[in-house]
Each structure stands twice: as C-alpha cells, then as structure tokens.
Amino acid sequence: MAATTMALSSSSFAGKAVKLSSSSSEITGNGKVTMRKTVTKAKPASSSSPWYGPDRVKYLGPFSGEAPSYLTGEFPSDYGWDTAGLSADPETFAKNRELEVIHCRWAMLGALGCVFPELFARNGIKFGEAVWFKAGAQIFSEGGLDYLGNPSLVHAQSILAIWACQVVLMGAVEGYRVAGGPLGEVIDPLYPGGSFDPLGLAEDPEAFAELKVKEIKNGRLAMFSMFGFFVQAIVTGKGPLENLADHLADPVNNNAWSYATNFVPGK
C-alpha cells in the first residue's frame, strides 16, 4: 500500500509554510511497517505582501533599468538587482541562494560573538580575553586557553588539537550537508521547520514569509559588520566596542577617513 505523501508543487519555500500531519504507515514487501510524515501544503502568504511578487519593493541599482525576467519576487529579499547576471542560471541561483542564507546565519552569530564578550567585559563580567581577534591567541600563553575563562569547561593547550577537532566536526557536518544526507521529515533544507522550529514561528504563512525577509536583511547587515570588524582589527588593533567608544569620544580624529589617511605614502 503506497503511503499517502503529497509532494510540494513548488521548488521554493518562499511565502509558504508546510505543516506535517499525523504519521501514516507503509507496509513494505518484506512485511515491515515503516512510518513517514504526510505533508500537506498550507495556505500561501498573501499576494499583497510588499516583499514578494512582481509589485514588490525593488532596488535596481545605478546600472539596471528594470528587474531581469528571472527575478520574479518568488524568493525572500529579491529586490530585482542583478546587474552582473549572477542569478541567470537557475542552478547557480539556487546554489548562491543557499550559500547566502548559510553565510548570513554564520555572520549573525559571529557578530554577536564579537560584540557580547567585549560588552560583558566593559560591564565588569570577566571571562578571559574579551576582544574577539585576541581571544584565540590565548592558547599560546603559558596557561593555555580556558573557554569562557572557566578551566572546568574546555582547557585548550594545543592549537593543532583545536585545528583537528574543528576540521573533523565542521568537516563532517558540511560533508553531510553537501552530500544531501537524509533529513527525515525536513521539507526544505534552508528552512527545515519541525524540530528546528520549537517556537512555531513558521506556523503562520504570512508571518513566516516576512521573517525570511528579515533574516536575509539582518544577515546581509551582519556580513558587512563582520567585514568592518576585520578591517578595524587590522587598522586599529581594537575591538568594535572600543572603536565605537573612541569615535564617540572624539569623532573628528577617530573615524574611517582619519585612519585611511595614515596609509597615504609620504605621510
């Protein structure tokens, strides 16, 4: 008896939420009974959303007269801007879209990781080196590196051991993802839902569609923020909050232009 499984009619998940109904059983030829989730398609997001469809908000940039035909507003944060034609090929577009979402999420986590330790340290909470690009160097100190300043958690003394653990753990996860490992009841690898949505944020299709847009917006800002943190670390040797405090204390002498002029030849 074939399982009553409904396939999604669209390759995207933008503007839609998928709800899992109760499990249905399938009897295989060897007499075993397997269980799988039955997928039903929920009501799509309203077509009046300003973020989706042909009438969505657009930013075409200075070199584009109109949005290309392949950018239809089907996906979140599609503003119709693709002057270089990076999304013209559907397979490349799908890959780049996945990479952007992944990098957005990493950047948002990274930005928090750069700011919060310094914020805690400035408010009297000590847990080791607070400046993000200096924290890892503590492993070369005589006492090694204590995660969160607590030797009872992880006490690291070998950079090679840390590197090996990072390669094994992250490599295994990335390899599993790239190979398209079985995702169980997951419908969309970018927005898996189910156990990955304990707060039920995806239950309302319209709210979920808007949350996708907010995620990409904040993720793009986070990627720019991380780039700024990298440049600040190289130029000033300080953390983001210390740079901000210096700028607020003396904005005339502590700004991007004043630091840039330090690299002028002959100065």
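Even glycines carry a Cβ here, placed using N, Cα and C.
Marked as transit peptide by Swiss-Prot on the basis of a curator's inference: 1-35.
If you look up Swiss-Prot, you'll see ARG36 marked as N2-acetylarginine.
Taken from Swiss-Prot, the feature phosphothreonine applies to THR38.
According to DSSP, GLU100 (chlorophyll a 1 binding site) sits within a helical segment. Packing around GLU100 (chlorophyll a 1 binding site) is summarised by its Cβ count: 16 other Cβ atoms lie within 10 angstroms of its Cβ, all protein chains included. Taken from Swiss-Prot, the feature chlorophyll a 1 binding site covers TRP81, SER87, GLU100, ARG220.
Sequence annotations record features per position, and here Swiss-Prot assigns transmembrane segment to 101-121 (among others) based on sequence analysis.
Per Swiss-Prot, the feature chlorophyll a 2 binding site maps to HIS103; the stated evidence is similarity to another entry. All protein chains shown were included, and the count of other CB atoms within 10 Å of the CB of HIS103 (chlorophyll a 2 binding site) stands at 16.
Cβ neighbour count for GLU215 (chlorophyll a 3 binding site): 17 (other Cβ atoms within 10 Å of its Cβ, all protein chains included). Per Swiss-Prot, the feature chlorophyll a 3 binding site maps to GLN138, LEU148, GLU215.
Here Swiss-Prot flags 153-173 (among others) as transmembrane segment.
As annotated by Swiss-Prot, chlorophyll b 5 binding site applies to GLN166, PHE263, with the evidence given as similarity to another entry. DSSP classifies GLN166 (chlorophyll b 5 binding site) as helix under the three-state reduction. Residue environment of GLN166 (chlorophyll b 5 binding site) contains 10 other Cβ atoms, counted within 10 Å of its Cβ in all protein chains.
Positions annotated as chlorophyll a 5 binding site by Swiss-Prot: LYS214, GLN232. Its own atom aside, the Cβ of GLN232 (chlorophyll a 5 binding site) has 20 Cβ atoms within 10 angstroms in the protein chains shown.
Within the same chain, residues at least six positions away from ASN218 (chlorophyll a 4 binding site) with a Cβ under 8 Å of its Cβ are CYS104, MET108. The chlorophyll a 4 binding site feature in Swiss-Prot is assigned to ASN218; the stated evidence is similarity to another entry.
Long-range contacts of the transmembrane segment (221-241) within the same chain: residues 103-104, 107-108, 110-111, 114-115, 118-119, 122, 130-133, 259, each at least 6 residues beyond the stretch ends and with a Cβ under 8 Å from a Cβ of the stretch. Taken from Swiss-Prot, the feature transmembrane segment covers 221-241 (among others).
Listed in chain order, the residues near the chlorophyll a 1 site other than TRP81, SER87, GLU100, ARG220 are SER77, ASP78, TYR79, ASP82, LEU86, ASN96, ILE216, each with its Cβ within 8 Å of the site Cβ centroid. Within 10 Å of HIS103 (chlorophyll a 2 binding site), counting CA to CA, the binding-site residues GLU215, ARG220, GLN232, PHE263 contribute ARG220.
Listed in sequence order, GLY128, GLU129, GLY144, LEU145 are the same-chain residues six or more apart from GLN138 (chlorophyll a 3 binding site) with CB atoms under 8 A from its CB. Closest to TRP81 (chlorophyll a 1 binding site) by Cα-Cα distance, out of the binding-site residues GLN166, LYS214, GLN232, PHE263, is LYS214. Rounded to a whole value, the Cα-Cα separation of ARG220 (chlorophyll a 1 binding site) and GLN232 (chlorophyll a 5 binding site) is 18 Å. Fewest Cβ neighbours within 10 Å among the binding-site residues LYS214, ARG220: that distinction goes to LYS214.
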